[in-house]
Structures are given as structure tokens and as C-alpha cells.
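Feature annotation from TrEMBL assigns domain 'Major facilitator superfamily (MFS) profile' to 181-409. Sequence annotations record features per position, and here TrEMBL assigns transmembrane segment to 12-35, 47-67, 79-100, 106-126, 147-168, 174-191, 229-251, 257-277, 289-322, 376-400.
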Amino acid sequence: MLLDIGPLRRDRAFALLFFSQLVSGLGTMVSYVAVPWQLYELTHSNAQVGLLGLVQLIPVLGCGLVGGAVADRVDRKRLLMVCEALMGLCLAGLLANTLAGEPSVWLIYALVAVLQGASGFHRPALEALTQKLAQREDYAAVATLSSVRGTLTMVAGPALAGLMLAGWGAQGAYLFDLLSFVLALAFIAFIPRARIAMPEPDGERPHLLADLAAGLRFAWARPELMGTYIVDIIAMAFAFPVALFPAMAAASGRPDAVGWLLSAMAVGALLIGLFSAWTGRVRRHGRAVVLAAGVWALGIVALGFAPGLLAALLCLALAGAADMVSGVFRSTIWNETIPNEMRGRLAGIEMISYLTGPLIGNARAGFMADAWDVPIAIWSGGLVCLVAVVLTGIGLPRFWAYRSAAKSL
């Protein structure tokens, strides 16, 4: 029942890729905390900190699809290394700006925009490389390992950032992230190129826009893929409660409760991930995605009625665990149904789906809480999410009925 680490033990190339992203992901989460902290220290303006979200969103939306198409046309190892190097240069710029006498706010925005644009190329290349290195029978284990890796960075990164900001300020956080990219580059450099070679295209390669259109048509024609995207957007757009955590903390009389609420979902995801070997024995992946998303929705409904902080934390831990399970099976469906030569383009679509949902969800929650109150905004969103997820399973029977062809129960 424990986490299946077989792919890490058996495959040195996959282990190199995995640990490269564990290291750089930890550094990225440190900077994720440090940048808004530094902006507020410089400006004392919530609006200018809020503007950071828009600065981050636009490049990702602009580069996500293009980056996916590029990842299907070029050497993915080289593309990943270029992205890691570019991100490292951006961190060097943030570090130099911080060490200057009067740090520039607009330079911070510009460098963050470049960082996010690079991530639009980085993520598709990473997903395509991961699929290329993994064995088909290991897809569920690989998806779980990737999810656990992300959750570990989300739990440890902010805590580490807090220590660094308290001891050394933003420059310490940026230096740590810069070094994490250098170490990640070293890991990636040792991945054997023979393991990830791409087949030569038959005939003349189509235009980049034609490649993009082919990726969109591929996704649209496959209900099992569309179902994963729709469920993800529904779960986040209707039931993402993070924007209301400050109000919940204020109502509890515990200002420090914001941090507990933020970490509860990650802790729930981490716990279920550590006992996730059973996921490799599940065949009905479409049903698993729908049921896990339904449990997420029920956890958010329960959160709306939670009588106190401890109950709220338990509800969020349940929701986080369900989101982890849903993510594992969504990722497994993607790896089983998408040919590797199209994996980059579809990863671009995946990235846009999981980025837009939380942004919509935070806006919805905030407006509803102002119009009614916080508990209503939470439980009603969870209820709508539950209904919409059920309707998705009914409306896309091929998605609901999707079964893995891998050897399992």
C-alpha cells in the first residue's frame, strides 16, 4: 500500500529527471513566496502584489500552447535545459536587482513574466520526457511520484522560504533558487539522449499553427481526454476555496490559521500519496477521476459547514487527498492515450486547464462571499461542483467507462 518507488529504483534516467525537478521545484516554491513578500516590502501595496497574478497568467496562457507545439518539434532534453538555464538567469536578475541600492519593482515584474513564459515551454517538455522515459505499466506509479514530488515542494518550499526571508531576506531565497536550477541542469545533462530520441517526421513538417490545430483536434475528438480537462476546470472553478482563507482565519480569531488552511490540502495530498501503491491496480481510470472529484466536492461542502478550525483542516485534508487521486488518474489517462509525438501539445492544453480553474475559482469565491457570506460561498460552490462532475460523467460515457489496458485489477 506504500508509495511505489519502483520506477526510481529501476530506471536511472527517470530518477535523474525526477530529482532534477524535485530540486528546481523546491527552489521555485521558495521564490514563489519571496517575490510577493519583496514586492510588498518595497511598495506596501496590496494592489501591486495582486498585479503579480496577472503578470504571471498572461505569459503562461500565451506560451502554453506554443510551448507544447515546440516540445513536439525539437529535442526535448535540450528544450528543458534551455528553459532551466533561462529561469536561472531570471533568478540571477532578481538577485542582482535585490542587491542593488534601490530595487526596481518593474524589473521584478519583467523577470517574473519571462520566468512564467519559460514555464510555458518547460512544462510540456517535462511531461513529454516523463512519458518517453516511463514504462507503460509504470504510468500510475510515475503519475503518483510526480504528484508527491509537487506536494513535497508545496509543503517544504514555503516553510523554507519563511526561514530564508527571516534570516537573509529575498536575496537568500533567490540565491537558493538560482542554485537549484544549476543543480537541476546537472541532473538533466546526464540523461542518456538515446533514451529520449524522437522519430524523424514522415515528409515535410507542417507549420507550427497546423501542429497546434492538430493537437486541439486530437483532444476534442477524444471524450476520455476532454473529460479530464472538464472535471479539472469544474473542480477548481466552482470549489476552489483559497481566496476565502484569510476571511476564515479572521473569523476563527487565529491570524496564523491562514498558513494552516493553506497547508492542510497539501498535507492530505501528501498522506494519500505516501500510501498510493493501490492506484497501480485500478483499471477504471475514468470512473476513478469522477469519484475522486466528487469526494473533493463533498470535502468542500463539508468545509462550508465546519464548526471550527480543526474541522475545517480535516475537510481540506480530505479534499486535498481526493484531488491528488484525481490528478494521478488524469495523468495516467493522458500518458496512456496520447502518443508521445503529441505529448507536448496536449501538455500545453493541460497546463491551461489547471491554471485557469483556480483563477476563476478564487474570483467566484470572492464575489459570492461579498454578496452573501463565506460559508455559503464555500458549500454552494462545492455543491455545484458535485452536480457538474456527475453530469460530466453521465454526458461523457466514454470518459466514465475508460479502462486502462495496463496489467492491473
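A Cβ is built for glycine as well, from the same backbone N, Cα and C atoms used for every other residue.
Automatic, uncurated: that is what TrEMBL annotation is.
In terms of C-beta pairs under 8 Å, the stretch of 174-191, 229-251, 289-322 lying closest in packing to the transmembrane segment (12-35) is 174-191. By the Cβ criterion (under 8 Å, sequence separation of 6 or more), the transmembrane segment (79-100) is in contact with the transmembrane segment (174-191), since 3+ such pairs are found. Within the same chain, residues 35-36, 39-40, 105, 109, 112-114, 116-125, 208, 212, 215, 344-345, 348-349, 351-352, 355-356, 359 sit at least 6 positions outside the transmembrane segment (47-67) and bring their C-beta atoms closer than 8 Å to a C-beta of that stretch.
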